[in-house]
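Record features (TrEMBL):
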type     : residues  : note
SIGNAL   : 1-17      : signal peptide
DOMAIN   : 24-138    : domain 'FZ'
DISULFID : C70-C108  : disulfide bond
DISULFID : C101-C125 : disulfide bond
DOMAIN   : 194-455   : domain 'G-protein coupled receptors family 2 profile 2'
TRANSMEM : 200-221   : transmembrane segment
TRANSMEM : 233-252   : transmembrane segment
TRANSMEM : 288-309   : transmembrane segment
TRANSMEM : 329-348   : transmembrane segment
TRANSMEM : 368-392   : transmembrane segment
TRANSMEM : 413-434   : transmembrane segment
TRANSMEM : 470-492   : transmembrane segment
REGION   : 514-549   : region 'Disordered'
COMPBIAS : 522-533   : compositional bias 'Gly residues'
Amino acid sequence: MIIRLLLLVVASAATDTGSIFEQTAKGRCVPMQQKLCSDIPYNMTYYPNPISATEQSQIDHFNPLIKTKCHPHIKFFVCSVFEPMCPEQMPQAVTACRSVCEEVKRECVSIIEEFGLSWPELLECSKFPAHPDLCMQPSNDMGHSARPTSLSLFPRHPSSQSCPSFLVDTDEDDPMAPCALPCKGDVLFSVIHKAQLQKWLSGVAIASCAFSAFAFLTFLIDRSRFRFPEKCIFYLSLCYLCYSIPFLVVGLDPQMQPACSQMHHDGQPPHLLQQQVDSSLCTLSFFLTYYFSMAAALWWFMFAFTWYLSATRKWVPESLEAASIRVHVVAWFGPIVAAIVVVMTHSVDSSELTGLCGVGNTNRVALLFYSFLPRAIIGSVATLFLLTGITSMCRERNNFKDRGTDTSKLDKLMLKTCLFLVVYVVLWLATLAADLYHYAQLQAWQDATIECKHSGIPCLSQPPRPNGDIYLMQVLAPLFAFIGPFIWSFSLKTFSSFKRRICCCIWHPAQSKTPSRPLLDGSGGGSGLGGPGIPLPQPPAPRGGHHLQYVPLSTSSQPRWQQNHL
């Protein structure tokens, strides 16, 4: 079989490179003679054949390739070349469409390339006609031995077909049901890239949780120290902390896959969830990753916007505190609305690389509208606000220096703000670039794999694997975002606050036993629990010669005096 296939390729390489669809001046329809094509859904071919007699004799060499069944329509495609269909009402050679050639070549070329040879020149797809030119497109239900009743001479409409062997059919009775990736499968990513992710994921997730918790605790133990817009940074660290938890769990336990289906039909292997959420772990991982990633984007926007109001519009902190309720409503409830929309539109899917549920892993539309565009727009506007605020601060700093004012504290604040901006923008741009690459990959193979049952495109035998390093960046870049809040909270005052809080919790000094003062009775004598003879403090001396009367207040352990205006 191998020798005959090699002879076929070598012989076809020496053929004429002219078009095989140039029609002769006169021709007619004759019955097909090749036994190999006896079950093809037409029985009349064109004579004389557009290809030469030498090339016609090579059809038997394709028998080994046909037996591999590398594509459902490989036999139909080969027979359409050597014995093209001939409509009796309009005698001419009608071959397969160019799209059929491209589909067959995509799945069968690897068999030929295993021997170091290229695709035969005789079957070069550029020589085949494309719509609207007349050509044949086989129907999806065409078998290898059955004879269908008709052929479509135009590109076919969507119809049902089975999922490819490397995917799981989520519902065999539903022609619109998507195909899903198997649990713990290596379809899109190799074992090497998954091992690299596991090596990085646990360490980065632990660091993200630890440093984000440190930044948020800095705010909790000393709230009076921070006001808006600084408070936004610590809510941002809370979002990073919650976002990192699913990755920490998966990094520490690689066998856990929250996105793996819990319910499946008898005999159906478990698969990664697609367009549905039937697992509590999947729901939790989706909520933590999607909700808190969007909340982090909005808190970044709130930080930039309040910074702009403070530095450019000269809002005082009291005005910002008065508007804090509206800030919290937008930052916390906006992502809830987005998450509800994602669930209602059945856009929750799973990642083969991480095993977590999210948005846009296998659906390019959901990736574009529910993840990429919102974060791109929010991040762009926030960056403009923050840059405008920093520019205003630079002008104020120059004015202070011209007046001889010390600007050392302002310089530190501006340096901290610029570092925070650079860290966030670099990671934000890296994530967006990885999402764009992922969108391009989905556009290339989503319709021919996940959606191939109703897209009208034959399912691929194996989708091309993307660049795993870019996907590693897509997963790890958001986890490194803890660097910004940590830089902001790291200072000597922070360590002093932690030291004071820890000392107060560990060391409780014994209270000294001192006699309590008696309740005041107006005479200064002691008639209560305390000892007698404790003098009362005297009222303040009258001012301006006016005679004022003072009445002692006896409701406190410390005597106080109040003016008697009567």
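Cβ atoms here come from the backbone N, Cα and C positions, even for glycine.
Keep in mind that TrEMBL annotations are predicted by a computer and have not been checked by a curator.
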*How many other Cβ atoms are found within 10 Å of the Cβ atom of C70 (disulfide bond), counting all protein chains shown?*
18
*Compute the average pLDDT of the predicted model within the domain 'G-protein coupled receptors family 2 profile 2' (194-455).*
86
*CB neighbours of C101 (disulfide bond) within 10 A?*
24
_Within 10 Å of its Cβ, which one of these disulfide-bonded residues (C108, C125) has the largest number of other Cβ atoms?_
C108
*Can you count helix, strand and coil residues in the domain 'FZ' (24-138) using DSSP?*
49 helix, 13 strand, 53 coil
*Provide, as an integer number of angstrom, the distance between the C-alpha atoms of C101 (disulfide bond) and C108 (disulfide bond).*
10
_Using the alpha carbons only, what distance in Å do you get between C70 (disulfide bond) and C125 (disulfide bond) once rounded?_
17
